[in-house]
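Noted in Swiss-Prot for the protein shown:
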ACT_SITE  R236  active site
ACT_SITE  E265  active site
ACT_SITE  H297  active site, proton donor
BINDING   H156, I157, D176, V207, P208, N213, C234, S235, R236, D260  NAD(+) binding site
Amino acid sequence: MTKVFAYAIRKDEEPFLNEWKEAHKDIDVDYTDKLLTPETAKLAKGADGVVVYQQLDYTADTLQALADAGVTKMSLRNVGVDNIDMDKAKELGFQITNVPVYSPNAIAEHAAIQAARVLRQDKRMDEKMAKRDLRWAPTIGREVRDQVVGVVGTGHIGQVFMRIMEGFGAKVIAYDIFKNPELEKKGYYVDSLDDLYKQADVISLHVPDVPANVHMINDKSIAEMKDGVVIVNCSRGRLVDTDAVIRGLDSGKIFGFVMDTYEDEVGVFNKDWEGKEFPDKRLADLIDRPNVLVTPHTAFYTTHAVRNMVVKAFNNNLKLINGEKPDSPVALNKNKF
C-alpha cells in the first residue's frame, strides 16, 4: 500500500488531513507533530513520500537523513522554498512540490486591515480605552481614500491587496520587475522602486525572498519615502532591515509599521512566551510600540487557507509517488545555501 508521512501537523490541520484520508482510503497516511530534522527523518522510513511545513531549514543533513530513510519525494504545505538546500536536494535526486497559491485573500485582507488600523491609530485608541481614557485627541486617524498606496509585487496576493485598497477609494500604484499586462494597460505601474517610494503614503510588500530583495527596505530606501509613511510587510521577513525601520520609527519618518513576518522569527514565532524570558529584545520593542502592529506570521492563517495547504500538498505528493506531473513542482535552483 502506498504510504505518505507528514511532519509538523498542527491540531488545526488534522481535520483537513483526515478529510483527505477519508477520500483516499487506499493510501496509508501517518503523521507527527514534530518538525523534519536529521533525527526525525527516520519516522518516514517505509513511506513513499513526505508532506512538510516549517520555517526551520531543510539542511543537507536533514535531506540526507530523509534520503537514507528511502524518501526523496517531498511536498511542502507552503510556498516558500528558500529554506531548502537545493544543491543537496538536486544531488540526492529529490522531487519537491509546494503550494504557491492557497489563499491570496487571506494575506491581502490581513495586510489591508492592519494598514487601515495603523492609519486610524487603533492600537493607541485601544490602549486609551483600556485605561478608561475616552478622550478623542490626539488619536486622530487618516482615511485610506486619502492615501497613495504603493504595492511592491503584483502577483496573486498583490493584486487582491490592490483591489481591496481601491475599494476603500485609495489611489493605487505598483512596481514589479515582471509586469502584469492587464495592470500595465491600466497604468498602475511606476517606472522604478524609487518612484514608488517617493509617491506612496502606504507601502505594502508582496515579493519573494530572493537575494535581490533582501533588505529592500533599508536606511536608503526609507530616506526616499514620504514623511509619515506606513510600511506593511506580510510577505517575507528578510525583505526588511528591522534596525532601519526602528530608526525610521524613532525619527518619526515612519508613521506606522505592520509586521507579520520577521527576519529572526524562527524559534520565536508560534510559541507561548507568557511567563518566560522573551528571547528577542528588538522584537519585544516593536511589539510594545503603539504605532507598530506585529502578528506572528499569521496573515495566511484562515480555515480556507489551511485546508488548501493540506489538501494541495497531499495531492501533489500522491502525484509524485504515482509518477504523474504535480500541480506545482519546484525547480531545484541554487539558493542561499
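Placement of Cβ uses the backbone N, Cα and C atoms for every residue, glycine included.
Structural mapping of features recorded in Swiss-Prot.
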{"residue": "H156", "record": "NAD(+) binding site", "CB count, 10 Å": "18"}
{"residue": "D176", "record": "NAD(+) binding site", "CB count, 10 Å": "19"}
{"residue": "P208", "record": "NAD(+) binding site", "CB count, 10 Å": "15"}
{"residue": "C234", "record": "NAD(+) binding site", "CB count, 10 Å": "27"}
{"residue": "R236", "record": "active site", "CB count, 10 Å": "23"}
{"residue": "E265", "record": "active site", "CB count, 10 Å": "17"}
{"residue": "H297", "record": "active site, proton donor", "CB count, 10 Å": "19"}
Maximum Cα-Cα separation (Å), residues H156, I157, D176, V207, P208, N213, C234, S235, R236, D260 listed as binding NAD(+):
21
List which of the active-site residues R236, E265, H297 have their Cα within 10 Å of the Cα of P208 (NAD(+) binding site), in sequence order.
R236
Given the recorded positions H156, D176, C234, R236, E265, which lie within 10 A of H297 (active site, proton donor) by CA-CA distance?
C234, R236, E265
Tell me the coarse DSSP state (helix, strand, coil) of P208 (NAD(+) binding site).
coil
Three-state secondary structure, H156 (NAD(+) binding site) (per DSSP):
helix
Measuring Cα to Cα, how far is H156 (NAD(+) binding site) from R236 (active site) in Å?
15
Would you kindly give the Cα-Cα distance separating D176 (NAD(+) binding site) and E265 (active site), rounded to the nearest Å?
26
